[in-house]
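According to Swiss-Prot, the features are:
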- 4-86: domain 'KRAB' (DOMAIN)
- 144-166: zinc finger (ZN_FING)
- 172-194: zinc finger (ZN_FING)
- 200-222: zinc finger (ZN_FING)
- 228-250: zinc finger (ZN_FING)
- 256-278: zinc finger (ZN_FING)
- 284-306: zinc finger (ZN_FING)
- 312-334: zinc finger (ZN_FING)
- 340-362: zinc finger (ZN_FING)
- 368-390: zinc finger (ZN_FING)
- 396-418: zinc finger (ZN_FING)
- 424-448: zinc finger (ZN_FING)
- 458-480: zinc finger (ZN_FING)
Amino acid sequence: MDPVAFKDVAVNFTQEEWALLDISQRKLYREVMLETFRNLTSLGKRWKDQNIEYEHQNPRRNFRSLIEEKVNEIKDDSHCGETFTPVPDDRLNFQEKKASPEVKSCESFVCGEVGLGNSSFNMNIRGDIGHKAYEYQEYGPKPCKCQQPKKAFRYRPSFRTQERDHTGEKPNACKVCGKTFISHSSVRRHMVMHSGDGPYKCKFCGKAFHCLRLYLIHERIHTGEKPCECKQCGKSFSYSATHRIHKRTHTGEKPYEYQECGKAFHSPRSYRRHERIHMGEKAYQCKECGKAFTCPRYVRIHERTHSRKNLYECKQCGKALSSLTSFQTHVRLHSGERPYECKICGKDFCSVNSFQRHEKIHSGEKPYKCKQCGKAFPHSSSLRYHERTHTGEKPYECKQCGKAFRSASHLRVHGRTHTGEKPYECKECGKAFRYVNNLQSHERTQTHIRIHSGERRYKCKICGKGFYCPKSFQRHEKTHTGEKLYECKQRSVVPSVVPVPFDIMKGLTLERSPINASNVGKPSELCQSFECMVGLTLKRNPMSVSNDGKPSDLPHTFEYVVGHTMERSPMHVRNVGNPSDLPRTFEFMKGHKHT
């Protein structure tokens, strides 16, 4: 009976037939073929003096022995006379196809590959064959350690590839299209698409691939298949790498940290993009005006300003925008949605850029320094604007009158003088203004008029108190909620003699002041700390001559001040040289003032 080979029992598909199978069918095919291969491997083993049941349960061990036999056969045919190292257990994996890059084969070793059955399951063991004695290799510690994600590697080439992934270095370029890659193997895989020699060709675009896995991944672009689904939010992705990066938005993991400013990122692409900001590198240039950008996406958005191609149009106001992010931010202006909230002060924003700019106010971070004067700024745009004060550059010019400006925002504001646009409208009277400063000045005038008329539009729903302006009303509301947003960072400061909460001090206006003469005899709304000051009027003033000798109702601190009349004053001319009957009040007050 002839021996059974793997090709006799294997089921082979053509490229067209394979493309018709779905994911579950392809997975089932692989499992069946692997199981068949394991069974054939175990049948081809010599069973003399061995436990058959044990050997059947360990097909990997059988496969290893079979490969050793093949290697020994090839070893006998080699011409250099060297001995070779067998493949260790941990390197024999059915799905492992990578060879160890550290071991070099002999020049006269003409083995090529060890083929077992179908080429789909062939294993390249050239990398695991070395010029050493016939003994097992001990795979010890991993000497190459990557500093950024704290990952260790056994071989230096793998370490260098990982290192380039962080630094963004891509020394290998495609000669046809100029695209750069981290490794030589990536260039070779890429060149297959240009040559069209790959065994797997895409039906939709004609691209060729040398690997079935890459072909199937590429196919998802055309079919729209997204097998990788996020369990937390349900969002699906075409690629597992994109899915892994998305999962970090839920976990908050940011493994790529830039050492210069300490900012961390979810993906290496975001890390490299941020690195270009610090380096000042702008590799992507507009072909029409020559303006350079750090990211190719920004170039595409900028090119729409030349072609006047606005893809996104607002249905409410008709305004057209060139980018999706700008359009989404604009829509929030109409809806009032502000999804980005500051955790420190509670202020919310409609765009992520505005939110990030605001965050730097709390952190005090100013990573951008002017090289000429040393002044630091929290944003790169602020630094660029400041540098123009040194150079005198005014790149933004008005097309109608020719006037030039340092920033685009100043040019937009100036353009309203020509168009007559007045975007800032008063909510109370409907009057419109060209500048926001004019609107604020107008609102202050309206508040001032109400003070004279006595009108109080803003009333508290809890206590019914009325206010002239909305800001005073908002401050008052915090007294009911107990909200205190502003906290003193220096906790070692000596407290005042009379500790008064900030919300009580806000009520110290002239109309409710206990010092005012018109409020004499009226009950004060302030706390007990100021109850003693109600009596500080002219008729009960302890410093007045008419009150000399009368008992004071002030606290113990001011008891010694009762004797401070003109006739008994130690500063009076008639009392010069006379011993004062006052205690050391001033020494006490002087020392208290310094503390």
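In case you wondered, yes, glycine gets a Cβ from its N, Cα and C as well.
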Per-region confidence, the zinc finger (458-480) (mean pLDDT, whole number): 82
Chain residues outside the zinc finger (368-390) and at least six past its termini with a C-beta under 8 angstroms from it: 277, 357, 360-361, 406-407
Helix, strand and coil residues within the zinc finger (424-448) as assigned by DSSP: 13 helix, 4 strand, 8 coil
Intrachain neighbours beyond the zinc finger (340-362), with Cβ under 8 angstroms and 6 or more residues off its ends: 325, 329, 332-333, 378-379, 485
Same-chain residues at least 6 beyond the ends of the zinc finger (424-448) whose Cβ lies under 8 Å from its Cβ atoms: 413, 416-417, 468-469
For the zinc finger (284-306), residues assigned helix / strand / coil by DSSP: 11 helix, 4 strand, 8 coil
The zinc finger (200-222), counted residue by residue under DSSP: helix, strand, coil: 11 helix, 4 strand, 8 coil
Helix, strand and coil totals (DSSP H, G, I; E, B; other) for the zinc finger (228-250): 11 helix, 4 strand, 8 coil
